[in-house]
């Protein structure tokens with residue numbers, strides 16, 4: 001009789017041990033979801049570069065982390081690289097550089113980008129040290145930006161579909177700014 005009680009107790013202990021392990025696993029999953037999902041939804045997001053429009057700054061297949069939080073505090077700044085939903089097909093994500101800010105007039109003419117705003121009512125040629133030498137911005141374009149619109153361009157001007165072709169980018173399409181490059185390891189950096 002004692003053997004039966006010992007065998008029953010041993011089975012109960014195994015069942016309880018298995019349930020404890022299962023409950024521990026479930027708790028890890030729940031805690032992970034509670035932590036990871038809000039971070040992924042509101043703070044940072046992964047992004048893989050597709051295409052050549054941002055060469056030589058970013059190359060096809062590079063793995064970036066996008067900061068989604070900063071633009072809840074402040075707006076995008078000129079020169080920052082942003083990931084956004086393509087206005088003509090919001091299921092696609094693009095990556096470009098902010099060139100023109102709200103309430104500015106952006107002119108692309110004679111291969112250069114001119115910014116006209118309150119500070120420079122006669123316009124100023126945009127300094128673009130990130131472009132490779134000899135890159136020529138075309139076609140000629142003039143665009144006046146509204147209060148929540150940005151002018152974006154790829155660093156590889158010859159292979160970029162950007163504001164020169166489809167117009168201003170409304171701020172509601174902006175996902176966030178490029179923050180970290182994680183892959184390839186040799187080019188890993190805070191941006």
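A Cβ is built for glycine as well, from the same backbone N, Cα and C atoms used for every other residue.
Because TrEMBL annotations are produced automatically, they should be read as predictions rather than curated entries.
Between the stretches 22-43, 44-65, TrEMBL puts its transmembrane segment entry on 22-43. Rounded to the nearest whole angstrom, the C-alpha distance between residue 53 (active site) and residue 96 (active site) is 8. Per-residue pLDDT, averaged across the domain 'Peptidase S26' (23-183), gives 84. In sequence order, 53, 54, 81, 82, 84, 152, 153, 154, 160, 162, 163, 169 are the residues of the chain that are 6 or more apart from residue 96 (active site) and have a CB within less than 8 Å of its CB.
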